[in-house]
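Here's what Swiss-Prot has on this protein:
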BINDING   C73, C77  [4Fe-4S] cluster 1 binding site
BINDING   C76, C79, C84, C94  [4Fe-4S] cluster 2 binding site
BINDING   H117  CO binding site
BINDING   H250, C278, C323, C523, C552, C587  [Ni-4Fe-4S] cluster binding site
DOMAIN    407-436  domain '4Fe-4S ferredoxin-type 1'
BINDING   C417, C420, C423, C465  [4Fe-4S] cluster 3 binding site
BINDING   C427, C455, C458, C461  [4Fe-4S] cluster 4 binding site
DOMAIN    446-475  domain '4Fe-4S ferredoxin-type 2'
Amino acid sequence: MSKLTTGSFSIEDLESVQITINNIVGAAKEAAEEKAKELVNAGPTLFAGLESYRDDWNFKLLDRYEPVITPMCDQCCYCTYGPCDLSGNKRGACGIDMLGHNGREFFLRVITGTACHAAHGRHLLDHLIETFGEDLPLNLGQSNVLTPNITISTGLSPKTLGEVKPAMEYVEEQLTQLLATVHAGQESAEIDYDSKALFSGSLDHVGMEISDIVQVTAYDFPRADPEAPLIEIGMGTIDKSKPFLCVIGHNVAGVTYMMDYMEDHDLTDKMEIAGLCCTAIDLTRYKEADRRPPYAKVIGSMSKELKVIRSGMPDVIVVDEQCVRGDIVPEAQKLMIPVIASNPKIMYGLPNRTDADVDETIEELRSGKIPGCVMLDYDKLGEICIRLTMEMAPIRDASGITAIPTDEEFTNWVMKCADCGACMIACPEELDIPEAMGFAKEGDYSYLDILHDQCIGCRRCEQVCKKEIPILNIIEKAAQKQISEEKGLMRAGRGQVSDAEIRAEGLNLVMGTTPGIIAIIGCPNYPEGTKDVYYIAEEFLKRNFIVVTTGCGAMDIGMFKDEDGKTLYERFPGGFECGGLANIGSCVSNAHITGAAEKVAAIFAQRTLEGNLAEIGDYVLNRVGACGLAWGAFSQKASSIGTGCNILGIPAVLGPHSSKYRRALIAKNYEEDKWKVYDARNGQEMAIPPAPEFLLTTAETWQEAIPMMAKACIRPSDNNMGRSIKLTHWMELHKKYLGSKPEDWWKFVRNEADLPLATREALLKELEKEHGWEIDWKRKKVISGPKIKFDVSAQPTNLKRLCKEA
């Protein structure tokens with residue numbers, strides 16, 4: 001085909017000519033930008049760029065919540081000038097210092113996570129438009145506010161798949177700009193890297209929102225459904241007598257074709273399909289909008305991947321993208337398990353059979369001629385995976401292949417342990433494997449059994465063992481009874497929080513009478529096993545907090561039962577309500593959690609969403625009690641999700657490993673000048689309590705995290721009843737888990753009505769004796785003492801431009 005050159009041509013004299021114009025690059029976004037400019041009440045940051053939030057909002061956050069850096073090392077190895085020693089306030093050859101370099105390191109993690117979700121969204125959007133067409137209406141349930149994150153960043157409110165495209169192009173364009181700042185000789189100021197990280201976090205929630213709204217719409221996922229079906233979860237739920245197809249990753253597009261093939265060929269009760277990570281959550285949402293009886297199952301999080309493979313249960317493994325182990329092919333190959341890569345982001349060096357014949361490909365995989373293949377044609381993928389699973393099952397059953405040792409092999413391996421401690425040093429969780437091996441030598445396997453839940457399945461211990469003991473296999477052998485009983489229930493991801501739920505809870509959240517929203521999200525890098533998140537969720541649910549979950553956290557909460565044999569999903573309702581446990585969905589569903597906070601501002605307070613992030617973030621920071629928990633955070637995506645919460649004024653608590661992200665955002669509660677805002681009624685300064693006192697921090701134990709999170713739900717706008725309720729929970733939890741009353745509780749008291757009702761008199765005495773407050777004991781009222789005054793009609797804001805005098 002000849003190359004078109006610049007110029008013009010005429011078709012005046014041609015006959016029967018048809019000209020088809022498909023996509024004009026950038027045209028959709030340009031048209032959307034022009035349309036957004038026509039909005040009457042839009043905020044100041046339509047299609048926000050790198051600098052848009054910097055001065056008006058980000059720097060205000062960073063002034064109060066100062067970055068606390070935790071470098072992993074003192075060197076910079078970015079370019080060929082290096083490596084440069086940045087210790088002792090030295091600068092590198094390019095001029096950057098440790099602060100700037102560390103800011104860049106954290107920022108790089110955030111944009112990596114943002115890119116991951118954005119690419120996920122792009123893949124789904126393109127595939128679903130190709131399959132269902134651009135005109136498919138977005139259907140997320142009974143809501144009018146469908147896309148709060150898209151709207152807050154761009155001003156757009158898409159109603160169809162096609163109308164989502166400009167928002168996708170916007171995220172991709174800004175990601176390119178952000179990535180460019182990482183290059184040597186670009187940004188060097190730590191505070192500006194933090195500002196850019198916050199901006200990237202906001203983009204991450206747009207990318208996640210795109211991913212979930214298009215799949216909820218096209219795949220008939222539950223739509224804001226508080227009674228979505230309960231799904232079986234755990235390794236013990238797999239029927240070993242049936243062929244088993246195991247899917248791993250986060251992008252469910254290809255898996256839907258496998259499920260369609262199973263249903264078309266009446267195989268849903270003749271084989272097992274189950275998953276790990278968020279693909280597992282989303283495959284159990286597929287076609288569940290009408291609450292049909294589910295047949296797909298969830299095994300668990302990334303920490304279970306190697307454990308499941310070593311068990312020998314899967315007959316075929318299919319991977320897509322994100323949080324997939326890098327050693328799946330060699331591990332599966334040892335056990336005759338074919339591996340099929342269904343997404344170009346993970347191809348493992350496998351031969352590409354996308355254009356090959358289905359029968360020939362199945363024969364290559366069945367015979368072991370190739371260990372696996374790349375298959376990007378989803379129609380073929382669905383057929384190959386199901387047929388291959390049915391064919392591999394009898395072959396593998398006949399061979400009896402498993403990595404789990406026999407009783408004799410188990411004893412021999414245990415006796416080989418030299419108690420050198422190398423495994424414990426290598427273990428990310430510092431598990432006392434030598435101690436467990438010592439007890440096993442004496443016939444007590446309970447210590448190894450306990451390690452099963454605490455072990456994250458990384459096999460670092462095996463690689464340093466001088467005796468070449470397959471330590472993971474030993475642990476799994478000892479835990480066989482526990483594994484067989486690992487049967488829980490998880491509510492299928494329900495999707496967005498509906499407008500009706502926001503109207504019902506908005507007032508309670510802003511006034512403080514609903515104590516807060518606790519969002520349990522993130523990965524499985526827990527310091528002491530998965531049950532930590534169960535304990536945390538149960539504590540807050542019993543205290544009438546709204547608990548929302550996604551991803552690995554949602555799975556792990558469903559793994560455990562009470563003395564009556566019920567999981568938390570069975571014990572508590574699935575709505576966005578006081579004492580409700582709402583599984584929102586997979587990782588990309590996290591956008592609906594920030595979306596819920598944004599919808600409180602939009603629906604309850606009638607604040608403009610369009611291009612108005614700073615005002616919405618200001619509203620949430622001052623009025624909506626919410627705190628995130630990523631107790632096992634390990635990935636770059638976790639850092640971008642958390643940072644996206646931070647820019648909206650939502651604090652997050654991370655587990656002890658998360659200091660490796662290199663940065664926290666912590667305020668100094670004793671710097672009184674940092675705890676002043678404007679009263680929007682008149683522009684006058686007003687003092688507020690130090691709440692929340694961090695945006696991003698870590699805790700050492702789950703017992704420390706619980707009171708920390710309860711405190712982080714206190715907000716300046718709480719009314720007396722709300723403040724009293726929140727102080728009650730915080731002080732009780734502090735006493736329960738840390739053994740004492742918090743030292744700074746009095747800083748949050750504005751008058752006697754703020755005090756917990758049951759202990760009001762005792763606390764008034766303490767205020768008088770310890771802090772010099774004047775108390776009218778006849779009326780039991782505070783006469784003087786508080787530095788913070790209570791005014792029920794005050795309108796706290798950090799933004800001077802929102803004041804009436806402005």
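Numbering starts at 1 and runs along the chain as displayed.
Using N, Cα and C of the backbone, Cβ positions are placed for all residues, glycine too.
This view paints the features noted in Swiss-Prot onto the structure.
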| residue | record | contacts (Cβ under 8 Å, 6+ apart) |
| --- | --- | --- |
| C77 | [4Fe-4S] cluster 1 binding site | P83 |
| C79 | [4Fe-4S] cluster 2 binding site | A93, C94, A184 |
| C84 | [4Fe-4S] cluster 2 binding site | Q75, C76, K90, R91, G92, A93, C94 |
| C278 | [Ni-4Fe-4S] cluster binding site | G249, H250, Q322, C323, G551, S586, C587, V588 |
| C420 | [4Fe-4S] cluster 3 binding site | P434, K466 |
| C423 | [4Fe-4S] cluster 3 binding site | I433, P434, C461, E462, V464, C465, I471 |
| C552 | [Ni-4Fe-4S] cluster binding site | C277, G300, S301, M302, G522, C523, P524, G632 |
- C84 ([4Fe-4S] cluster 2 binding site) - helix vs strand vs coil (DSSP): strand
- Could you round the CA separation between C458 ([4Fe-4S] cluster 4 binding site) and C417 ([4Fe-4S] cluster 3 binding site) to a whole angstrom and send it over? 19
- Message: Other residues near the [4Fe-4S] cluster 4 site, CB within 8 A of the CB centroid of C427, C455, C458, C461?
- Response: C423, A426, P428, E429, L431, I433, I456, G457, R459, R460, I471, L472
- Query: Hey, does DSSP put C73 ([4Fe-4S] cluster 1 binding site) in a helix, a strand, or just coil?
  - Reply: coil
- Query: Taking the centroid of the Cβ atoms of C76, C79, C84, C94 as the [4Fe-4S] cluster 2 site, which other residues of that chain lie with their Cβ within 8 Å of it, listed in sequence order?
  - Reply: C77, Y78, Y81, G82, P83, G92, A93, I96, H101, A184
- Message: Can you give me the residues near the recorded [4Fe-4S] cluster 3 site, meaning same chain, not C417, C420, C423, C465 themselves, Cβ no more than 8 Å from the center of the site's Cβ atoms?
- Response: A418, D419, G421, A422, I433, P434, M437, C461, V464, K466, K467, I469, I471
- Outside the domain '4Fe-4S ferredoxin-type 2' (446-475), six or more residues from its ends: residues with CB under 8 Å to it: 302-307, 310, 327, 403-405, 410, 413-414, 416-418, 420, 422-429, 431, 433, 435-437, 439-440, 481-483, 524-526, 528-531
- Query: When the Cα of C455 ([4Fe-4S] cluster 4 binding site) is compared with the Cα of each of the binding-site residues C73, H117, C417, which one is closest?
  - Reply: C417
- Message: When you rank H117, C417, C427 by Cα distance to C73 ([4Fe-4S] cluster 1 binding site), which of the binding-site residues ends up on top as the closest?
- Response: C427
- Densest Cβ neighbourhood among C461, C587 (binding-site residues), 10 Å radius: C587
- Query: Tell me, what is the mean pLDDT of the domain '4Fe-4S ferredoxin-type 1' (407-436)?
  - Reply: 97
- Of C76, C417, the binding-site residues given in the record, which has the fewest other CB atoms within 10 A of its CB? C417
- What counts of helix, strand and coil residues does DSSP assign across the domain '4Fe-4S ferredoxin-type 1' (407-436)? 19 helix, 0 strand, 11 coil
- Item | [Ni-4Fe-4S] cluster site, defined by H250, C278, C323, C523, C552, C587: further same-chain residues with Cβ within 8 Å of the Cβ centre | C277, S301, M302, Q322, G551, S586, S635, K637
- Task: Using DSSP, tally how many residues of the domain '4Fe-4S ferredoxin-type 2' (446-475) sit in helix, strand and coil.
- Result: 19 helix, 0 strand, 11 coil
- Drop a 10 Å sphere on every Cβ of the binding-site residues C73, C94, C427, C455, C465 and tell me which sphere holds the fewest other Cβ atoms. C73
